[in-house]
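Asker: Per TrEMBL, the feature domain 'Ketoreductase' maps to A:5-185. Summarising the annotation, TrEMBL assigns NADP(+) binding site to A:Gly11, A:Gly12, A:Ser13, A:Arg14, A:Asn89, A:Tyr154, A:Thr155, A:Ala156, A:Ala157, A:Lys158, A:Ile187. Feature annotation from TrEMBL assigns active site, proton acceptor to A:Tyr154.
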Amino acid sequence: MLKEKVALVTGGSRGIGRAVALALAKAGADVAIVYAGNQNAAEDTATAIRDEGRQAITIQADVSQSADVDRAVKETMSALGRVDILVNNAGIARDNLMLRIKEEDWDQVLDTNLKGVFLFTKAVTRSMMKQRSGRIINVSSVVGLIGNPGQANYTAAKAGVLGLTKSAARELASRNITVNAIAPGFIETDMTEKLGDEAKENMLEQIPLSRMGKPEDVAQAVVFLASDYASYITGQTLNVDGGMVTM
Amino acid sequence: MADTLSRVQRIIVDRLGVDAAEVTLEASITEDLGGDSLDSMDLILELEDEFSIEISDADAEKIKTVGDIVTYINSHS
């Protein structure tokens, strides 16, 4: 389905990003994994991709630094030749009630979760415009749509990603580049592992399918949006949330 | 110079759908030739490929007329 394609996945060492990287490789793509700090996890994901018979490289980068982002795209270009699919998945959380969110916690979350999406999108756009094709898939969150107490910074960034997705989709459509977002709900990852039992039970009550999602559930949606089956879809948000948000 | 101009003209005619006669050195991409900001961006990328050069964002912003393009290309390729 994605034979001969090259994908770059940010936050690709663990959680949803790892599942996305693996699913893209299973669909035939070579993958560049951009990771923040966990080199072992990134190498582990790369090994799993090579086991699928695809090429994989790992690149350490801070997605909020333009020099890092430009380097990551250049390294991918020289190692794998091109970038056909960009998955902006890297994200962090610094949860607290709004009154207690420190300015630096606001800045860090916005820098990684929103500015990082902008920087990577900008960095791949030039080559995607020239090759007159490309797929950009941004991982947002259901809380970016409905809000969540204790996550003002995170939800602001994730809602910002949806606006960026729509503007980028309109700007790049004439060059056959589609830009879409995925809004995962409550997914089993290290990030949600930290939530308390009570918070988890409250969450489960809001999910019509009454179970947490798996990273693979999100990954399959990414593969779909990256594939030819989704060539007429752009500027959209696909919710992968067990029915949490219906709109 | 003449050769650069004719290659630039061909690209602009193709991209903006204007007559070659309109593409004079003095013609402004946006004001005279009806290109919007996306068209200009498109044009820059096309010129980079055609002349095997890289035009930085800062330089791209300074390019307003067909003459600006020709001068830039002749001094950078």
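Using the three backbone atoms N, Cα and C, a Cβ is placed for every residue, glycine included.
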Asker: Across all protein chains in the structure, which of the binding-site residues A:Ala157, A:Ile187 has the highest Cβ count within 10 Å?
Answerer: A:Ala157
Asker: Average pLDDT across the domain 'Ketoreductase' (A:5-185)?
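Answerer: Over the domain 'Ketoreductase' (A:5-185), the predicted model scores a mean pLDDT of 97.
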Asker: Rounded to the nearest angstrom, how far is the Cα of the residue listed as 'active site, proton acceptor' from the Cα of A:Ser13 (NADP(+) binding site)?
Answerer: 20
Asker: Give me the largest Cα to Cα distance among A:Gly11, A:Gly12, A:Ser13, A:Arg14, A:Asn89, A:Tyr154, A:Thr155, A:Ala156, A:Ala157, A:Lys158, A:Ile187, the residues the record lists as binding NADP(+), in Å as a whole number.
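Answerer: Across A:Gly11, A:Gly12, A:Ser13, A:Arg14, A:Asn89, A:Tyr154, A:Thr155, A:Ala156, A:Ala157, A:Lys158, A:Ile187, the two farthest Cα atoms sit 24 Å apart.
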Asker: Determine, to the nearest whole angstrom, how far the Cα atom of A:Ile187 (NADP(+) binding site) is from the Cα atom of A:Tyr154 (active site, proton acceptor).
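Answerer: Pair distance, Cα basis, whole Å: 16 Å.
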Asker: For the binding-site residues A:Ser13, A:Asn89, A:Thr155, which one has the sparsest Cβ surroundings, going by other Cβ atoms within 10 Å?
Answerer: A:Thr155
Asker: Any idea what DSSP makes of A:Thr155 (NADP(+) binding site), helix, strand or coil?
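Answerer: Looking at the DSSP assignment, A:Thr155 (NADP(+) binding site) belongs to a helix.
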Asker: Counting only residues 6+ away in sequence within the same chain, which have a CB under 8 Å from the CB of A:Gly11 (NADP(+) binding site)?
Answerer: A:Gly17, A:Val34, A:Tyr35, A:Ala36, A:Val63, A:Asn89, A:Ala90, A:Gly91
Asker: Tell me which residues of the chain lie with their Cβ under 8 angstroms from that of the residue listed as 'active site, proton acceptor', as long as they are six or more apart in sequence?
Answerer: A:Gly91, A:Ala93, A:Arg94, A:Asp95, A:Val109, A:Asn113, A:Ser141, A:Val143, A:Asn148
Asker: Would you identify the secondary structure of A:Gly11 (NADP(+) binding site) according to DSSP, in three states?
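Answerer: The residue in question, A:Gly11 (NADP(+) binding site), is coil (DSSP, three-state).
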Asker: If you run the three-state DSSP split on A:Asn89 (NADP(+) binding site), which class comes out?
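Answerer: The residue in question, A:Asn89 (NADP(+) binding site), is coil (DSSP, three-state).
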